[in-house]
Amino acid sequence: MAAAAATSPARAVAWAFAAATCIKLLLVPTYRSTDFDVHRYWLALTHALPARRWYTDASSQWTLDYPPFFAYFSRLLALPAPLVDASLVSLPVPDAPPSFAYLLYLRLTVAFSDLLLLASVLLLATDALTRRRPFLSLALVLWSPALLAVDHVHFQYNGFLMGLLLLSLHFLEQGRDLAGGVVFAALLCSKHLFLVAAPVYFVYLFRHYCCGLGVVRGLGRLVLMGAGVAAVFAAAFAPFLYYGQMQQLFNRLFPFGRGLCHAYWAPNFWVFYILLDKILVFLLRRLGFNIQIPEASFTGGLVGNSSPFAVLPKVTPISTFLLVILAMFPCLMKAFSKPQPRHIIRWVSYATTCGFMFGWHVHEKASLHFTIPLALIAMDSLEDAKHYFVLSIVSCYSLFPLLFENQEYPIKVMLLLTYATLMWVGFSSHFAAKSPQGKKVNGSGNVVRKNSFIGWISFSYLLGIVAIELWSQVFHHYVFGSRLPFLPLMMVSLYCGVGMMYSWMWQLAWISPVAIEPRT
């Protein structure tokens, strides 16, 4: 009986993953973005050309701009490809639309790579205090509608990358710091955008793994950690250092000339900065000032080599870097003063939130970097559940413009509504069961009933998403016709930006030294 009970969570998670896989298979023929063409080319590039040409080849617009480990990963995925369709790995890539076998193979590589995410979730079934995590918190990771939409419709490999991140967090939670640091180094060598979490990793590992053990032992651990991380980076970059291509590789990984914002604005701090600039332009022009509007206007959804502000100061990559570090500073102080494994998921999630909110050229898909880990702690307290409920809905809705074709509209709506219903029922039942006869469920003094889970402010804000969607899909066309085509996208970014700012401030308040931590 005990053995069966011990294996039941693994079985439940496996069934949840199987159900998600069935949905992924149903999504095979759906819309695919240009990211499909990008990864299609990378498979052919890494298979057909030697490594010394991967970062110098410019025969296609889809040049390789991920770190070497992801290039090795692409080559691994390309190995069985000739058995399915030889054109999968031939250069130049055919201009003709891919065959169904071609399409199915690439879709299945994404589903196959999600096995790493499954393995990490299974390992995380037990938390830092050796308590069993609720099944729902694990299922929320595997059933994330944002992850399904981005990876299995839009087309990317975020499930594989998030699997690496969660594996690293599992090791840190269990006190296996060396393994956690090495896996994180492998993640950085797979996708460099996770660099934003590096300061938290460095501070935490230095204090938790290297300090408090005496000078000799601490120095030995520092050398061991450094050697492990250096070995990972050497495995990734040494061949390209040998080829004399490090400058070329660096330029590919960090193309700062792309500008502050992506073509579709991520819902972060810079949305409000841009809006303030536009309002100031309007007001100053009405007052008679001659304000020149830059040609590369943000409202056109363009990507430029500069930050075209008419009134406010120009934003540079170094200024966004400093702002990210400043926003992250309370978390770094907390990790330095009290490096506790049970908080590492929360700290890393906050660091990636800071990168999303204040970083340079942030993609809207980067919200996955903190919404996925936060699902694991969403049921630690009632306040965590309320926060995650709002954040996950806002994050998923902010990705709706990525799937812009009509045939995918019911899919993205049903995925979000199903996930929201699952959270509502699951969270309400879980916390209502913990507060019989109106007793408090946590230190905040809140009481949960099955018919009231979130407050009226959060509920009203979420209803506003319905209003934004009705405007975008119905009323905008009748009011403006073909004019102002970028207005619905701007409204989505601005409105979701409010929710993202709330999430950032909520996490900051929790992490702040003056905050009262929820009881565990």
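The chain as shown is numbered from 1 upward.
Cβ atoms here come from the backbone N, Cα and C positions, even for glycine.
Looking at 132-149, 258-275, the range tied to transmembrane segment in TrEMBL is 132-149. Per TrEMBL, the range carrying the annotation transmembrane segment out of 344-363, 364-383 is 344-363. Of the ranges 100-125, 222-243, 315-332, 387-404, 453-472, the one with the most Cβ pairs under 8 Å to the transmembrane segment (484-505) is 387-404. Two recorded stretches are said to be in contact when at least 3 C-beta pairs lie under 8 angstroms, sequence spacing 6 or more; the transmembrane segment (416-433) and the transmembrane segment (132-149) meet this definition. Just going by CB pairs under 8 A, the stretch in 12-31, 132-149, 344-363, 453-472 that sits most against the transmembrane segment (315-332) is 344-363. Taking Cβ pairs closer than 8 Å, the transmembrane segment (100-125) reaches residues 9-10, 13-14, 17, 20-21, 24-25, 27-29, 32, 36, 39-40, 43, 73, 77, 81, 84-85, 87-88, 132-133, 138, 141-142, 151-152, 155-157, 159-160, 162-164, 166-167, 169-170, 173, 376 in its own chain, all 6 or more past its ends. Here the transmembrane segment (344-363) has long-range neighbours at 128, 165, 169, 172-173, 193-194, 196-197, 199-201, 204, 256, 258-262, 266, 268-270, 317, 320-321, 323-324, 327-328, 331, 334-335, 369-370, 373-374, 376-377, 500-501, 503-504, 507-508, 510-511, meaning same-chain residues at least 6 beyond its ends whose C-beta is under 8 angstroms from one of its own. Away from its own ends, the transmembrane segment (453-472) comes close to residues 385-386, 389-390, 393-394, 397, 400, 424, 427-428, 431, 488, 491-492, 495, 498-499 of its chain (Cβ-Cβ under 8 Å, at least six residues beyond either end).
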